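S.K.: What follows is a single structure, and I will ask about it in a moment.
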Amino acid sequence: MKALIIDDEPLARNELTYLLNEIGGFEEINEAENVKETLEALLINQYDIIFLDVNLMDENGIELGAKIQKMKEPPAIIFATAHDQYAVQAFELNATDYILKPFGQKRIEQAVNKVRATKAKDDNNASAIANDMSANFDQSLPVEIDDKIHMLKQQNIIGIGTHNGITTIHTTNHKYETTEPLNRYEKRLNPTYFIRIHRSYIINTKHIKEVQQWFNYTYMVILTNGVKMQVGRSFMKDFKASIGLL
């Protein structure tokens, strides 16, 4: 699991990081001390669990928690604070737990186990749904070039772009160019992984390497092969939802 600790007190963050490492089972544990750092962390990582303090230097933790819950796939939120008067509000946000400082390892472990149990159940359900969806879509994409039909495995397709009537399909080991329109391929791609980010671009979200802020409040997506594709303004909402961004 991946965890994010949001607290403006360095000692509290350090203590919680230490306890989580003692409990074990975490692939990654990151920290944020304010809203800006939180948003940056959520942009580049999909977390399973967030430990959130109520009193932050630039925003109330309850308000931040409400924003996080609006994500397409929000992480489990555990409020970790010295203030007990916000517990009702926290659970109204469907918080997984509410832990009071000073932290104890046993209490933290109880909260983590709640998240793990819920995640295991959700993963099983998601796997079943994904298998059903995959069954309804071809696993290979037929691409006709020079009287030959190439069968491209969808998991190897990194992104597809079109310019001046030429559609370029980027894969993990080759680049294919065709005059077929982008819309033709969009209908055949598995929507579990592929998303249109621009009228000229479709990407495989499994091949996103990095997302950079760009002009006019948009993003530039850098794919695993180094190709850059800009997110169109009208596609921003769907793109942010697809990568779990606020």
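Glycine is treated like the rest: Cβ placed from N, Cα and C.
According to Swiss-Prot, the record shows the following:
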type	residues	note
DOMAIN	2-116	domain 'Response regulatory'
MOD_RES	Asp53	4-aspartylphosphate
DOMAIN	141-245	domain 'HTH LytTR-type'
S.K.: If you draw a 10 Å sphere on the Cβ of the residue listed as '4-aspartylphosphate', how many other Cβ atoms land inside?
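M.R.: Taking every protein chain into account, the count is 22.
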S.K.: Can you break down the domain 'Response regulatory' (2-116) into helix, strand and coil residue counts using DSSP?
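M.R.: Helix/strand/coil tally for the domain 'Response regulatory' (2-116): 50 helix, 26 strand, 39 coil.
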